[in-house]
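Database features, via TrEMBL:
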type	residues	note
TRANSMEM	14-36	transmembrane segment
TRANSMEM	308-326	transmembrane segment
DOMAIN	322-462	domain 'SSD'
TRANSMEM	332-352	transmembrane segment
TRANSMEM	364-384	transmembrane segment
TRANSMEM	404-425	transmembrane segment
TRANSMEM	437-462	transmembrane segment
TRANSMEM	508-529	transmembrane segment
TRANSMEM	769-788	transmembrane segment
TRANSMEM	794-816	transmembrane segment
TRANSMEM	823-842	transmembrane segment
TRANSMEM	862-887	transmembrane segment
TRANSMEM	894-915	transmembrane segment
REGION	985-1063	region 'Disordered'
COMPBIAS	1004-1017	compositional bias 'Basic residues'
COMPBIAS	1025-1038	compositional bias 'Polar residues'
Amino acid sequence: MKRYAWLLTNYPQFVILFDVVLVVVCTSISMTIYGLPAFKEPLKGVSPRGTVIGGRQKAMQQVADQLASGELTKAPSNPHTPPSAGQTSAALFNCLNEPIMGLPNPRMVLEPTTSGKNLLSAKYLQAACEWENKYVRPFHRGNCSDLHSLHLYIRALNGKNISDCSDINDADVTTALEVVQNCSQYYFDGLLARHCASGNPACAGVPMLCYKHGAVYKILHYLTDVDFMKDGDKTKTNVAYSVVYMRNARDLLHDKWMGDWFADPDELRDYYMDELDGGAVGKDLVKSRAMSLNVAPETLTKYVFKDLMFFGIAMGSILILLFFYLRSVVLMFATLANVGCTISVSYFLYMVVYRIPFFPFMNIVAGLLLIAIGADGVFILHDLKEEAQRHDKDLSLEGATLKMLRHGALSIFVTSCTTAAAVFSNVISNVTSLRCFGIYGGTCVLVNLWFLLTFAPAVIVLTEKVNARHPVKCCRPRPKDEDKPSRLSRAAALFWKTYLPKAVTTFAPLWIAHFLLLGIGGIVVVFVAPKLKVQSEREYPIFHSNQAFELYRWHYRDSFRFELEQLARERSRMNVQIVWGVDGTDNGNQFNPDDPGTLRFDGDFDLYHPDSQRFLRTFCTDLLNQSFIHDASNYECFFDVVASATNETCKEHRCCEKGMFPMTYLDAKDCLKNDSIQALMVNANKTVIGQAIYDTSGNAVAFRYSIQTNENWTTEYSDMNTFYKKVNKYVRDRLTNEAHGLDNGWVVGLSGMELDLYDLQDALSRGTLLGIALSVGIGFLVLLFTSLNVLITFYAMLTISLTIAVTMAALVLLGWEVTLFDSIVISLAVGLSIDFSIHYGIGYKVAPSQHRKDRVHDVLCSIGSAVAMAAITTFAAGTSVSFGLLVTYKHFGTFLMLVMTISWCFGTLFFLPLLSVLGPRQGFGEIACWKKKDDVDGDATSDQYISKDYMPNGLPNGGLSGMELARGTGEKAAIGSPYYPQSPVYDDNYRGRRWTPPDGGRYNRSRSAPHKGRSRSAKSDNRVFPNNSQSPQHNGFVSNRPHRSASPQSRDRNYRDGVNYRY
């Protein structure tokens, strides 16, 4: 430490130069190889990797891909599959007859500017026509997909030209409404469907006028809201919302026809986004505030950089606070540079050294975290140096730097380690984005620690040296006038040294009871009711709730029948498949969502073995008898069909008339894929479950049963968890101890959609709680080895636990769920809230007093304002970021404000009152196995605090706290004073490090002198003073242990004016 202080003092420019070269080299390499990260796919990497379900789903997805490419083949599928939702009729010839494909198409929602008005009126339809001509028609080239709007079909039902809709009148509206009313019953009875056309037998009995151009169906299903003719009520004719469909936006982005309108494809996106940023497209009778443009990923990059403005506001607010606190422009910008350098070097380590190819959108949060915590270390370092120099005008710059490092390095190191541990805990998550954030964010915190211990102190020292030679008023910290403090300074000193300590200690029982009840209430809210819930939607919000895309998804989407139909389809009965022969383990790079791994088959699986045939037939029969299977009577097992085929009379192949099951190995290999047997399955009266999958050589490599259950898909985690565990347990119990690879079978959803949300919910719920536990455990160890006191550590962990509970309860009451991003902020709660308890706990430990309340008073006097300043700067950063457009920024800003407020309140008004009432005294709870060694020159570096029983005037250190002595904020005693001898001697075996004079006479006195109004029992004390002079008026302590004197060099360096500067 001394050598490093010497280096910083004499060559700070070289330390700065080294860091600058490091940053330049790292930035050049990373930018040359990888460039800036792009966030065009914000939801990439949100699926769990390494989970049981995730591995199985990826394996079956690869099976599906290889079946589509021809690398694998299968038997014919179930013939009773319902027709596709997108089926069209060949009778549709013109644009109006073109079906609306629904969900894939970009669409905007029209509504009246005045709430409550009816869009189905001539005036508003004309306004809608004008709106379309302005915002949609410029992109039309005769393509049909942008012609679907309410006013066009009103014109079509009247037989008028659809190219001009400006002359729509009330008669047109009345005629069209009568047609819709007369035909609506066919729609609600299910007879009028999307595929109806002239001559289609499925629409027999439906009048032609009802399916002409598909107008009635499209108006009811796609273009009007659900309240229009709700439940077949023909009197409900008010249209509150209407949908306008446009050309596919992705086609527009790559369309060269646009010409002068949009030379750059991005301009189209910007056109709509800029219009919608203003609140609505259209300002007259109709407007559009919501849209589904299908380009949300493309727009994210724009919003990410647009929201950098809020990053700048957050950093600016912190810089302003830094300037008023540090009074230095140089240090203010050095803090800004520190954050930028940290991000750059961390990006180099992440991409080049760690070689992680995926940089998720979540990693942006690391930059927000650095902005929030980056200034705390600068506060500590600057304050320590200034206080040391202020107390001792003769203290050299090297001495001040040494004190700054000795006191500041430990504090910064401990807090950085706890925060890094909280961030790194995300690595245990199964979600790729969270893992990557854990690595990048934790690296950022550690790199920030490096720059705080190298770059920041070097700038502080260099600034001091430059100002000493060439004073610059704007860049030199303004000295504080100790003789004439400002009114604000006096008020602040009165608050931190009188009012707050008195309030904390006097009303300690009330504070403890209040915050204990508050913490218990938080636990009830989180774990009992309403409970912390995991993500309940497939989609994750990207933008703020008032943004156009989010308005459509969360407010308008349920207002249209086609969206409700899609939702009902998603929430229908779940299908599961039980698979043999496929390795369901995820063998890809779990840090790269683009690497799904390779498809591997189970070499032990043998479908042709007679035992395998017998077991699979028995298993299918037993499966159909389970309670979770829907309508089992409608299914027939694959091997039941095979068994019946061997009894058929035929001449086409040798599989007929075998009359036995199971078949021999060779017969099974030849017959299972025989066309005649497959024809029996296709023509079966029931749905045949069971399908063999073959490789290019014709060998069966896998087999699966796909079946529908009676459980409806739901977003409720508990219901899905019960269902999956029930089905999985059944399969595992039936497959145990089976041979020929049959025991390696497993169950998974049919399409992946059934269990993907459940898998994500399960990963988030387990990963979040495990991350919190890991962070708390690491924080416990750090605090234990820092404070070396079990009782202080226990109280601190109790405070942190209650803080986390109340913070999470606040998030629950705000309506938050544990989404991908929220699991990050919850894990960060540990790292950000533990800092205050560490500062307070160590401050209590090293306080010179032996009484609890006095120690708490010393803690608040010495570090109370610094802790509050750290909370204020982080709170200010959160306030600025919470105005961001992306929901990630808003949530993180809200979280920072909550956790800083709750952490400071619990640390100051619960932890400290707890110490003032039940804190350890006289070494109780100490861990005595660790002890510092003295310096080689005899300097007692382990003397971190001085016993109150050896201070003059009955006051610790002459009325000064240990921190004030260490930082030089108190008065200096006169040289040679008997109260502060020039040569202090320490009792090396006493934990409090008492003061004794070096030589002279002894004195005896009773310990009956008053001490701050308190009396103590009489005890004898033997002291040595020069010439047996006057004894100090203080309480003594008996010790006959040998003493050793500090060396003259140590005395000169560390005990000027009788004050111990070696804190």
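Any Cβ shown, glycine's included, is placed from N, Cα and C.
Assigned with DSSP, the residues of the domain 'SSD' (322-462) fall into helix, strand and coil as follows: 121 helix, 1 strand, 19 coil. Counted as Cβ pairs under 8 Å, contacts with the transmembrane segment (332-352) are highest for 437-462 among 14-36, 308-326, 404-425, 437-462. Listed by sequence, the residues of this chain that lie at least six past the ends of the transmembrane segment (14-36) yet keep a Cβ under 8 A from its Cβ atoms are 7-8, 341, 344-345, 347-349, 351-352, 451, 454-455, 458-459, 462. Nonlocal intrachain contacts for the transmembrane segment (308-326), taken as residues 6+ away from its ends with a CB within less than 8 angstroms of a stretch CB, comprise 332-333, 335-336, 339, 367-368, 371-372, 374-375, 378-379, 382, 477, 869, 872-873, 876-881, 883-884, 889.
For the transmembrane segment (862-887), same-chain residues at least 6 beyond its ends with a Cβ under 8 Å from one of its own Cβ atoms are 300, 303-304, 306-307, 310-311, 313-318, 321-322, 325, 368, 371-373, 375-376, 379-380, 383, 492, 496, 500, 541-545, 547, 550, 821, 832, 835-836, 839-840, 843, 893-897, 900-901, 903-904, 907-908, 961-964, 967. Annotation: stretch 437-462 has the most Cβ pairs under 8 Å to the transmembrane segment (364-384), among 404-425, 437-462, 769-788. Long-range contacts of the transmembrane segment (794-816) within the same chain, counting only residues at least 6 positions beyond its ends with a Cβ under 8 Å from a Cβ of the stretch, are 515-516, 518-519, 521-523, 525-526, 530-533, 772, 776, 779-780, 783, 787, 822, 826, 829-830, 833-834, 837-838, 840-841, 891, 894-895, 898-899, 902-903, 906-907, 910-911, 914-915, 918-919. Sequence-distant neighbours of the transmembrane segment (769-788) (same chain, 6+ residues past either end, Cβ-Cβ under 8 Å): 410, 414, 417-418, 421-422, 425-426, 428-429, 796-797, 800-801, 804, 823, 826-827, 829-831, 834, 837-838, 841-842, 845, 926-927, 930.
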